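Quick look at what Swiss-Prot lists:
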| type | residues | note |
| --- | --- | --- |
| ACT_SITE | ASP537 | active site, proton acceptor |
| COMPBIAS | 691-711 | compositional bias 'Acidic residues' |
| DISULFID | CYS98-CYS148 | disulfide bond |
| DISULFID | CYS195-CYS254 | disulfide bond |
| DOMAIN | 73-164 | domain 'Ig-like C2-type 1' |
| DOMAIN | 173-270 | domain 'Ig-like C2-type 2' |
| DOMAIN | 382-672 | domain 'Protein kinase' |
| CARBOHYD | ASN158 | N-linked glycosylation site |
| CARBOHYD | ASN182 | N-linked glycosylation site |
| CARBOHYD | ASN220 | N-linked glycosylation site |
| CARBOHYD | ASN230 | N-linked glycosylation site |
| CARBOHYD | ASN243 | N-linked glycosylation site |
| CARBOHYD | ASN288 | N-linked glycosylation site |
| MOD_RES | TYR568 | phosphotyrosine |
| REGION | 34-74 | region 'Disordered' |
| REGION | 691-742 | region 'Disordered' |
| TOPO_DOM | 313-763 | topological domain 'Cytoplasmic' |
| TRANSMEM | 292-312 | transmembrane segment |
Amino acid sequence: MKEFEVKVASTAFVLVLFSLTINQILASETSTKFRSPVPAPTVPDWNHLPNEGNEENVVSAPKQDGASGGQKPYWTKREKMMKRLHAEPAGNTVRFRCAVDGNPKPQVLWYKNDLIVQKNDRVGGYKYRNQVLILESVVLSDKGNYMCVARNEYGSINHTYQLDVQERSASKPILAEGLPQNKSAYIGDDVTFKCKVYSDAHPHIQWLKSINNHNNAAPNYTVLKAAGVNTTDLDMEVLILKNVSFEEAGEYTCLAGNSIGISHQSAWLSVLPVPPPTTDTITKGIPNETNIIIYVMCGVLVILFGLAVVLVLYYHCYNGKDPPMLVRIENPDNIPPMTKIEHPTMLFGNTQAWQRMCMPMQEPFEFNIQLDLQWELQREDITLVERLDEGFFGQVFKADLVTCNNTRKEKMVCAVKMLKGNRNEKDVLDLLTEMDQMKRVGKHKNIINLLGVCTQNGPLWLVIEYAAQGNLRDYLRRNRPQNTLCNLVLPSEGRNPDDELPVPHGDTLTQKDIVSFAFQVARGLEFLAQKKCIHRDLAARNVLVTEELVMKIADFGLARDIRSCDYYRKHTRGHLPYKWMALEAMSDNIFTHATDVWSFGVLLWEIFSLAGSPYPGIKTHELVKFLRSGERLDKPQYASQEMYRLMRDCWEEDPSKRPNFRTLVEDLDRMLAESSTEVYIDFAAGCEAEYSESSEDESESQNSDEEDDDSVFERMRQIDSLSNGNIPFNEEDSSNSDPYVAPLLQNEENVLQNEHARLRSEA
């Protein structure tokens, strides 16, 4: 028996030894050529499995080599790699983390069942982002062992995951037997019904109560509880009735449905009168003299303790200094605290006061902000890093915020919104209104959330979440395919090619990606609608994108609270996004949830045109006539017919015929489940017609995009009054393609009616 050693040389620095054993050499085999069973490597020559031991427990940085300062690979986030077995239903997304570091930076390879992973080895391909291997919509063929191998010249380590894909069974939801249970309660008690739902597909759960109809044998039902944006399945499995009365007695039903079918189970609630108290109960309820003394002493101690806490907080907040007083401000940069606006709508009720606030600042103005301990942050905990955006009156900075988690300090990245030195009284009030809106609305995954405010010892700061990928419009343009007609016209849209950022993940957008973007924005808008908030400035430029591609609705500078009524009428001449506005908003200055739905339709068009400019070639003074004639935006290149029908529904002239945001969320949820992960191939087709415009339109688009980049502070500035009743849709104004166009005032209604009559006669 003879042994032959075959040496395979690495393109870098690794030598791999393989042994070939031949038991008996025959004469006929003397000229046979032997070769290594290792396939020809397509990457640096460590496509084989490592032979140095798995070293899976290397969790800290090993010692450096004294001569070269190098380090062998080591795990940096071992705690996030502890789960080895992943059992997932078919269709789910699976992520395998391989967080590793070393000096030099180790190269990472992935193996499936001892074979190297190539990007297109599976349907939908593999994705690798931030040291994570991603398998979207897994199927049964994805089962197996996945091993991450990290190697540099000082050594190698590896880590193995096991994936088990389970076949989905198509069935309607299953409700746990015996739930909900029948209940009996006295008047004034609280009652809780529970219902356990099992469903492979995402279930939609509702709680119903039957209403006896004496005129009809079949009972009617009223919906007591339905799933919202922030509710989870666990929340929906519980129904709580507070302070029950006789009228609430009856049958309660837990209803669960999915795409396969519907299941339901019911329980009865009996409400009983409160029994009269017995003699023993009355005797026990009479406190004796000792108990009275104890109660009084406890009350005094509680009051003293509360006073001590207030004094400590008072001293801590002002550091021993006098509290802020109402002062006159000669320099706007030194604005002291200002009064919290409890009712923002009051700002628009007094016309004279509003006109006074809109005038340029000629005299010092006064503010007093009350301290809100729930939201107040210390300025010394915030470090401004770099300017992200700047408008005429405001600016946004990227910053580091130090927070205290128990006894440990942590640093997080945030954004800080503030005014510039040339602000006036109205600008400060606008920023205060935005702050109050964000406080009132609360937190949601798909809106930019308020982290805190700085109102003491300096100018007003709003500290908000940071979105690493910028706004959705710029993200879509950065991710347009390279070397297509779509990208060749970008410079004419007002963008500098030298400023283009690289594609963040190097992956071409798929249909599922852009449908997901639309679905996430719709969820955020549904949440705002539930909070009685109309945004008034929905556009791709006002949707921010995080590092994890989470869509977040931003820029509440134009948002308004409509809790007191269902609409908001604008009386001032502030700039508004004309090409995104509904017909009734253009003509009557009335904004409702239905006008936000229209704007969302234009935003959908932006998404599925990869950030195209709406209504190319149409001047602002021609837009009303264009829309009144029944014309709408054409179907964007990358939208399906069903998606375009959804856009057209949003653009119904009659606001009552437009869908609400809950319906939009449900439709987009279904489209997302049916969408494909196939990558778009023919991006060049149709781009020339969609993005190329005449030279005049290109100039208009350039001006529009430059204005789009400004923040809300510039958009809300006041413009000069109309001269002699001239309508703003004149030829001189048409040369300015500013997407924020001043609305018409009520005193121009006669001129507007004449203009509408002229447009109808021309049509």
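Every residue, even glycine, has its Cβ placed from backbone N, Cα and C.
On its own chain, CYS98 (disulfide bond) has MET81, VAL108, TRP110, GLN131, VAL132, LEU133, CYS148, ALA150, HIS159 as residues at least 6 apart in sequence with a Cβ closer than 8 Å to its own Cβ.
A count of other CB atoms within 10 A of each Cβ picks out CYS254 as the most crowded of the disulfide-bonded residues CYS148, CYS195, CYS254. Taking the C-alpha atom of CYS195 (disulfide bond) as reference, the shortest distance to any of the recorded positions ASN158, ASN182, ASN220, ASN243, ASP537 belongs to ASN182. Among the recorded positions listed (ASN182, ASN220, ASN243, CYS254), CYS254 has its Cα nearest to the Cα of ASN158 (N-linked glycosylation site). Note: the Cα of CYS254 (disulfide bond) and the Cα of ASN182 (N-linked glycosylation site) are spaced 13 Å from each other.
Residue counts for the domain 'Ig-like C2-type 1' (73-164) under DSSP, split into helix (H, G, I), strand (E, B) and coil, are 7 helix, 51 strand, 34 coil. Counting only same-chain residues at least 6 apart in sequence, those with a Cβ under 8 Å from the Cβ of ASN182 (N-linked glycosylation site) are ALA267, TRP268, LEU269, SER270. DSSP assignment over the domain 'Ig-like C2-type 2' (173-270) gives 7 helix, 48 strand, 43 coil.
On the 0 to 100 pLDDT scale, the domain 'Protein kinase' (382-672) averages 83 in the predicted structure. Comparing local CB density within 10 A for the glycosylation sites ASN158, ASN220, the maximum falls on ASN158.
Proximity of ASN243 (N-linked glycosylation site) to non-local residues of its own chain (separation of 6 or more, Cβ distance below 8 Å) is seen for GLY188, ASP189, ASP190, given in sequence order. Just so you know, the Cβ of the residue listed as 'active site, proton acceptor' picks up 24 other Cβ atoms within 10 Å once every protein chain is counted. DSSP assigns ASP537 (active site, proton acceptor) to coil, not to a helix or a strand.
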